[in-house]
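Now, the feature entries from TrEMBL:
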- 265-292: coiled coil (COILED)
- 66-244: domain 'Cation-transporting P-type ATPase C-terminal' (DOMAIN)
- 289-304: domain 'Plasma membrane calcium transporting P-type ATPase C-terminal' (DOMAIN)
- 41-62: transmembrane segment (TRANSMEM)
- 118-136: transmembrane segment (TRANSMEM)
- 189-214: transmembrane segment (TRANSMEM)
- 226-247: transmembrane segment (TRANSMEM)
Amino acid sequence: GIAGTDVAKEASDIILTDDNFSSIVKAVMWGRNVYDSISKFLQFQLTVNVVAVIVAFTGACITQDSPLKAVQMLWVNLIMDTFASLALATEPPTEALLLRKPYGRNNPLISLTMMKNILGHGVYQLVIIFTLLFIGERMFNIDSGRNAPLHSPPSEHYTIIFNTFVLMQLFNEINARKIHGERNVFDGIFANPIFCSIVLGTFAVQIVIVQWGGKPFSCAPLNVEQWLWCLFVGVGELLWGQVIATVPTERLPCLKEAGLGLESGEEEGEELAEDEEEIDCAERELRRGQILWFRGLNRIQTQVSFDRNSTFNCYHYFLTGAHTDTQTFQPEPSLRHDTCAVCLR
């Protein structure tokens with residue numbers, strides 16, 4: 001961008017404004033980081049959406065009352081949208097992003113590994129929520145919240161369901177930091193203070209809502225034992241994430257039958273075809289740029305050479321020719337040009 005010519009800039013696809021080739025590495029690293037941040041947020045948000053919709057709809061159909069109330073759903077949506085986007089989209093880029101292969105041009109935004117994580121964590125959360133919904137009162141020896149009167153006070157039963165659901169989302173947010181099947185979900189977590197602050201802040205606000213939210217949030221205070229059980233189920237999300245990472249993505253026939261995946265040979269063939277096509281396009285663009293550059297250079301050289309030769313011939317003809325009178329001197333048309341001072345006379 002600084003030392004390059006205008007012809008080279010017009011023929012190029014990418015211009016380095018600082019003439020530093022390390023900028024290409026930074027641009028690739030930040031581009032991959034932005035793409036991965038979007039994928040992380042989608043993985044987390046789709047999991048919450050699937051579980052919340054199924055729980056609200058099924059609970060309303062079976063028990064005539066949704067276990068998740070309207071104000072509670074607003075708090076869940078705040079966690080799911082605003083806080084999750086800030087936490088997952090502020091991950092700093094690392095050099096590990098440059099070690100993997102680039103995404104194909106036609107690859108979907110939701111990969112097979114992401115779909116496996118969404119379905120796997122969704123199944124875990126649905127099993128826990130429905131277990132607490134139908135037999136939770138017997139597990140904790142409390143009054144049942146099902147079929148309660150319309151204006152009855154908040155029950156501990158439904159408060160445990162709501163608290164467990166939110167804590168599972170908090171720990172699943174840690175799982176959502178990795179979208180390529182990595183096992184160490186805590187890798188580099190302290191390098192992002194925004195993520196840590198949002199997770200801890202959300203947990204603190206959840207304690208305040210459950211213990212002192214009262215009727216506006218449809219919550220009843222829980223004791224220490226109930227809180228520990230909710231935390232235990234929430235931490236189970238991390239353990240369940242390790243189980244999901246153990247399952248090979250290629251051995252999930254349900255994803256392939258749904259048209260979400262390709263066989264390994266077909267996928268490799270498609271990637272090779274895309275690579276060859278990109279190489280061909282790059283070569284054509286490079287050749288076109290080289291041709292334009294050489295044409296411009298030859299044109300400039302030809303113009304400079306013609307100006308020099310014509311000027312020299314005019315002066316030589318004027319000084320050594322038969323015409324000594326400068327007023328009557330007229331050079332031949334082949335030697336006449338606009339830039340020569342002799343010809344302009």
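Note: Cβ is positioned from N, Cα and C throughout, glycine not excepted.
All TrEMBL annotations are machine predictions without curation.
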| Excluding the flanking five residues on each side, which residues at least 6 beyond the ends of the transmembrane segment (118-136) place their CB within less than 8 Å of a CB in that stretch? | 43, 46-47, 50-51, 54-55, 58-59, 63, 67, 110, 142, 146, 157, 160-161, 164-165, 168, 172, 175, 233, 236-237, 240-241, 243-244, 247
| query | Where else in the chain does the transmembrane segment (189-214) make close Cβ contacts, counting only residues six or more beyond its ends and a cut-off under 8 Å? | reply | 75, 79, 83, 86-88, 90-92, 154, 159, 162-163, 166-167, 170, 173-174, 177, 221-222
| query | Where else in the chain does the transmembrane segment (226-247) make close Cβ contacts, counting only residues six or more beyond its ends and a cut-off under 8 Å? | reply | 116-117, 120-121, 124-125, 128, 140, 156, 160, 163-164, 167-168, 170-172, 174-175, 181-183, 185
| task | Average the pLDDT scores across the domain 'Cation-transporting P-type ATPase C-terminal' (66-244) and report the rounded value. | result | 89
